[in-house]
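According to TrEMBL, the protein has these features:
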TRANSMEM  12-35  transmembrane segment
TRANSMEM  74-98  transmembrane segment
DOMAIN    75-264  domain 'ABC transmembrane type-1'
TRANSMEM  110-131  transmembrane segment
TRANSMEM  143-160  transmembrane segment
TRANSMEM  189-210  transmembrane segment
TRANSMEM  243-264  transmembrane segment
Amino acid sequence: MTVGIGRGGRLAQIVGNAVLLLGVFLTVMPFVYMVCASFKPGNELFSFPVRILPDSLYWGNYRLLFEETSFVRWFGNSVFVALARTILAIALSLMAGYAFAKFEFPFKRLLFLLVLGTLTLPLYVILVPLFGLMTDLGWTDTYWALILPFTAQAIGIFLARQQLLGIPNELLEAARIDGAGEWAIFTRVVLPLAQPIIAVMGILFFTASWNDYLWPLIMITSDDKFTVSVGLPTLVGPYSQEYGAVMAGSFMGTLPIVLIFLLFQRRFIEGIMAGAVKG
């Protein structure tokens, strides 16, 4: 019986590892192909049989991307919009989460449930009224339309509340006894203790903004205000098929996300674990 269980356990482990390796392969392979394709000339991209590795490193796609397109401007727009959205969303999420975690006010639970309820609303439900609001404000084709509608994040408020519930009330009361005001308590006591969840929200919000495609596509019409996700598809059309440049731009566009996660992955995991066990 023991031998049978041991063999079954080993078989399950082998099958699990095989499934895991298959998942890793399916996840990584498109990225590897994209990187390799960015170094191929146009005639080699669609050669048959398909070869993953290029015959030689061809830098023409990157020269075309940086010298003959507005990619640098698009990249700068993406960085500006993503940073602005992330910073504002983190600030508002922390302040709202702090209020829900440490203050008592009428209809507190109801309001928090309403905030959580907005998580069930997909963007497509509010797309038309949000577009109408931006039009009435005169914000179409502006950076304001890309930044401000997404500075209030229900998931951020939830994560911040869960993290801040773990701060002892005695610590806050001690600061009040020492004469600290609420803003001083928030900035000098709460924020240093909220660093793990700040890292989590930073990665989530920055990634969501960087990868956002539908909303910028609807709101922005000027080429000089395009983000990377909107600008790259314009390189392929009826009269231009610069697939190599698109691959190069896609590779460059993924680098910020990869670098941010590599730099903050430890804090990201710490923040997720901390938020999961609070409240």
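Each residue's number is its place along the chain shown, starting with 1.
Keep in mind that glycine also has a Cβ here, set from the backbone N, Cα and C atoms.
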Task: Long-range neighbours of the transmembrane segment (74-98), counting only residues six or more past its ends (CB under 8 A) - done: 115, 143, 146-148, 150-153, 156-164, 186, 190-191, 194, 198, 201-202, 205-206, 209-210, 216, 225-232, 252-253, 256
TODO: Give residue numbers and ranges for long-range contacts of the transmembrane segment (143-160): same chain, 6 or more residues beyond its ends, CB-CB under 8 A.
DONE: 77, 80-81, 84-85, 88-90, 92-94, 96-98, 100-101, 115-116, 118-119, 130, 134, 137, 194, 197, 200-201, 204-205, 208-209, 212, 215-216, 219-220, 225, 227, 271, 275
